[in-house]
Amino acid sequence: MALANLILTGLNDIQTTRFAQLASSAIIIFDHGITLDEEVELIWKSSWSMGKALFIINRYYTLISVLVNNYALFSTGLTDSVSLHFFHWQGWTGLIACMIAEVILQMRIYALYFLDKKVLAVMVAMFVISSATSAAIMGTVLRGITAVSQPLPGIIFCKPDNVADYFFAFWIPIIIFESLLCALALFRGFQTFRRSASISLYQSGKHLVAILIRDSVLYFLVMFAAYFTCLLVWACARNTLLEVPIAFSVAMSCCLGNRIVLNVRDVKRNVAASAASAAAGAAAGEPRAVKHVDQTRRKRSSVYTTQLTDVEMAQLRSMRSDVEEGHGQFIIAI
């Protein structure tokens with residue numbers, strides 16, 4: 001009876017792992033599909049930059065990794081050696097996907113602080129410490145594990161053995177570092193909106209900042225839930241369930257990282273178009289009506305107009321110059 005229960009538990013864990021992998025893959029593929037038009041318009045038609053390169057790596061490296069994971073989980077030709085290599089691949093893939101998304105998020109925070117080198121130095125130092133600590137834990141654990149392919153009628157599955165009890169600590173440095181990034185975003189947001197005075201004139205710039213802060217905080221909330229779930233599962237659950245939360249953490253970091261880049265590029269395009277239209281209208285002596293974008297997506301955006309005086313038009317042109325010379329530098333990079 002005990003053996004039968006053990007087999008049933010193992011089969012349930014296998015099914016749970018496979019379903020989780022399929023579900024996370026569906027999330028990634030669905031997100032790729034619904035944002036493909038934005039990718040073509042905002043990424044492929046733009047000039048090459050660090051932000052563009054990170055977007056492509058984050059998008060397609062993760063897609064390839066989930067395809068490999070699904071093949072391994074549903075393959076009928078698993079051996080002990082193949083299973084061990086698969087566990088190594090999955091472990092390092094999860095860390096790399098997390099690091100790519102964190103680099104994108106750091107670029108956003110750097111933008112919020114107007115390219116402040118001190119903030120950049122703090123983030124990079126903490127990023128290196130966090131990534132190195134997690135990588136050291138991952139490498140130590142992976143060197144000690146073994147993998148066993150266990151065939152059952154109609155199914156072959158691989159099971160990790162000799163997994164260190166402290167493996168859950170892998171997630172602690174990541175959670176601490178992303179908490180720092182969230183705190184930086186919230187602090188900058190508090191500073192920005194407390195000092196804001198000319199809301200009507202600087203609505204577009206304020207909207208850019210709002211998008212930066214919103215996406216940073218939402219990213220942290222979702223990823224904190226994903227990483228904390230991974231920590232709890234790795235600390236408390238059976239070894240056969242270790243792969244379940246990883247699939248969703250990789251999917252979420254991929255999708256949210258992509259949306260972070262697309263959101264900023266979409267808003268920047270709309271703000272630049274509005275400022276250019278206003279400046280052109282002023283130069284031609286047309287009525288001075290400036291449109292302000294209130295929603296991130298252009299298809300869903302609502303606009304309103306504000307009549308500007310000659311002084312305000314001069315300020316608007318000055319603000320546009322600031323955006324192009326200051327904010328524009330890091331927006332284009334993202």
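Cβ atoms here come from the backbone N, Cα and C positions, even for glycine.
The domain 'DUF6533' feature in TrEMBL is assigned to 20-64. The transmembrane segment feature in TrEMBL is assigned to 53-74, 86-107, 119-146, 166-187, 208-235, 241-262.
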Non-local residues, at least 6 beyond the ends, that sit with Cβ under 8 Å of the transmembrane segment (53-74):
17-18, 21-22, 24-25, 28-29, 32, 39, 43, 82, 86, 89-90, 93, 96-97, 100-101, 103-104, 107, 247, 250-251, 253-254, 257-258, 261
Could you break down the residues of the domain 'DUF6533' (20-64) into DSSP helix, strand and coil, giving a count for each?
39 helix, 0 strand, 6 coil
Which listed stretch (86-107, 119-146, 166-187, 208-235) has the most C-beta pairs under 8 A with the transmembrane segment (241-262)?
208-235
Take the domain 'DUF6533' (20-64) and average the pLDDT across it for me.
93
Taking residues 6+ outside the transmembrane segment (208-235), which of them lie with a CB under 8 Å of any CB in it?
101, 105, 108-109, 111-112, 167-168, 170-172, 174-175, 178-179, 181-182, 185-186, 188-189, 192, 241-242, 244-246, 248-249, 252-253, 256-257, 259-260, 263-264, 267-268, 271, 296, 327, 331
Let me spell it out: take the transmembrane segment (166-187), skip the flanking residues so only those 6+ beyond its ends count, and list any with a Cβ under 8 Å from a Cβ in it.
98, 102, 105-106, 108-109, 112-113, 119, 123, 126-127, 129-131, 133-134, 137-138, 141, 212-213, 216-217, 220, 223-224, 227-228, 230-232, 234-235, 242
